[in-house]
């Protein structure tokens, strides 16, 4: 039975994390560093991504007190551009001298308009980033692994509880449909790539009390109370509360039979 005791160590593994400057990504990257993974940090702004890499290195040495910090690299990448994505992923493999075994796609965004007034350009951009971007990074990740016959890889696509339900009071039709697409994309890829032993799952957060949410609330206590009134735990989540779920989904020893899953981590919001 000892060979079935799961481990969350990722020593020697390479993980690509998109949206690496975001609040959720920051928590997940810190978790991956703590468990030994090398990390390629991808975001749309090279300068900001390089600055975040320096912050993560400082965290690893001063907070985690690691004597040997996992290797990191920062890359500018617009995930809505397929050609760019494939070029950046190829460069990552060249720089690290190995193919990534794990992909965490956190890149994406949200904006709200009433459905009848939703600008077409805004809608198209969000679908390209949130949904097609998830497809493009998954393709660029899996294709060389399939070609080389490397097994045991894993993908976590960040969806949202808004891909499973329509949460009041936001007018976010395109965000909702893009995240619903991400959930079904993960299921479809899981089925297509099971024969290559590449697992694909979606993690679907509830409300996260981070910079973006704070900006939306902007001191509006009524809006805040309205949001948490639908959460059985009566609070929003913190980014760090998603680390364990993502490490589980990435771990081949812990989650070898978990693929195509849509994991809701929402404080019970969708249970009511």
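Residue numbering: from 1, along the chain as shown.
Note: Cβ is positioned from N, Cα and C throughout, glycine not excepted.
Quick caveat, the model's predicted, so the values are computed rather than measured.
Per Swiss-Prot, the candidate among 146, 208, 217 that belongs to the NADP(+) site alongside 24, 78, 175, 179 is 208. The two recorded residues residue 24 (NADP(+) binding site) and residue 160 (active site, proton donor) have their Cα atoms spaced 12 Å from each other. Between the C-alpha atoms of residue 179 (active site, lowers pKa of active site Tyr) and residue 208 (NADP(+) binding site), the distance comes to 16 Å. Put simply, residue 208 (NADP(+) binding site) is 16 Å from residue 175 (active site, proton acceptor) when counted between their Cα atoms. Of all the binding-site residues listed here (24, 208), it is 208 whose C-beta has the fewest other C-beta atoms within 10 angstroms. In the three-state DSSP assignment, the secondary structure recorded for residue 160 (active site, proton donor) is coil.
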